[in-house]
Amino acid sequence: MPDLTISNSLCTRCGVCVDICPMRILELPGKELLPRFTGTGADRCIVCGHCEAVCPTGALRMDDPRLDPASYPPQKTLLDAEELDAYLRMRRSIRRFRPDPVPREAIVALLDVVRYAPSGSNRQGVKWLVIHETTQVRQLTALAVDWFRSQQDGDTLLSRNFNIAGMIRSWQKGNDPICRNAPHLVIPYTDRQHPTAAVDAIIAAAHLEIAAPAHGIGTCLSGFFQMAAESWEPLQQALDLPEGHRPGYTILLGFPATNFLRPPRRNRLDITWR
Ligand SMILES: Cc1cc2nc3c(=O)[nH]c(=O)nc-3n(C[C@H](O)[C@H](O)[C@H](O)COP(=O)(O)O)c2cc1C
């Protein structure tokens, strides 16, 4: 259960914490009194930390056993839009990786900031499977190829959209059309006990893709691996996720071996205004 500690000398009773609370479970009972949880409010708190984050005097501290004890000083909030737009335009899916491994600490630093991705009810239920051993990546990829082999015959959404036979031929020639010879795989996964769990994991994957270039790391989503992971029991057994958990999306990860010099052109913007 979350706990609020408020400094009597620092709190100005401005009520900003009460106003920001998305659950409406804080109250300011009187001019002289400190903000507090409403009756059963603490039970409904989603520990979003917004009350602590907006307090102008730093008077309020929210504690909960789930929270990482690390905290941060006030951060520079807004990036220059022009700079951020250029960064986002230059993010690319990386399909050629250097063979040298990305140190575990660098992957931890990246995943650490991805904790700041939004999640339904601030559940933060995303966990990470990192296949750091490249030999294991290759073994898992071979299992994914087995699934594609099993899908060769028949008219399916997969066979209509992808050249499965060509992909298998490419694998047999020593290429890796599924994991692109990436040294690592990163898979956010969630239990499916919450309506937003699947989306939470995909949003975490998107945040990882966006943050990675700033950390000097290349990524590419692997829909091919993901499709196999969702359907092929031998691959699911090898991934060995905890009971009831499902992979959100599969991300190839490594140091990039390509250097993009300019953004590609995009389709025209398509907006419906109402
Ligand atoms: C859901 C999804 C699945 C994807 N699966 C693959 C994949 O299996 N193999 C691959 O090489 N790229 C894959 N990609 C990367 C897209 O092809 C890529 O995002 C797109 O071509 C645009 O390129 P960019 O990311 O460099 O802007 C996937 C992207 C998404 C969003």
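Cβ coordinates are placed from backbone N, Cα and C, and glycine is handled just like the others.
Record features, source TrEMBL:
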- 2-31: domain '4Fe-4S ferredoxin-type' (DOMAIN)
- 35-65: domain '4Fe-4S ferredoxin-type' (DOMAIN)
Intrachain neighbours beyond the domain '4Fe-4S ferredoxin-type' (2-31), with Cβ under 8 angstroms and 6 or more residues off its ends: 37-38, 41-42, 44-48, 50-52, 54-64
The domain '4Fe-4S ferredoxin-type' (2-31), counted residue by residue under DSSP: helix, strand, coil: 5 helix, 6 strand, 19 coil
PLDDT averaged over the residues of the domain '4Fe-4S ferredoxin-type' (2-31): 95
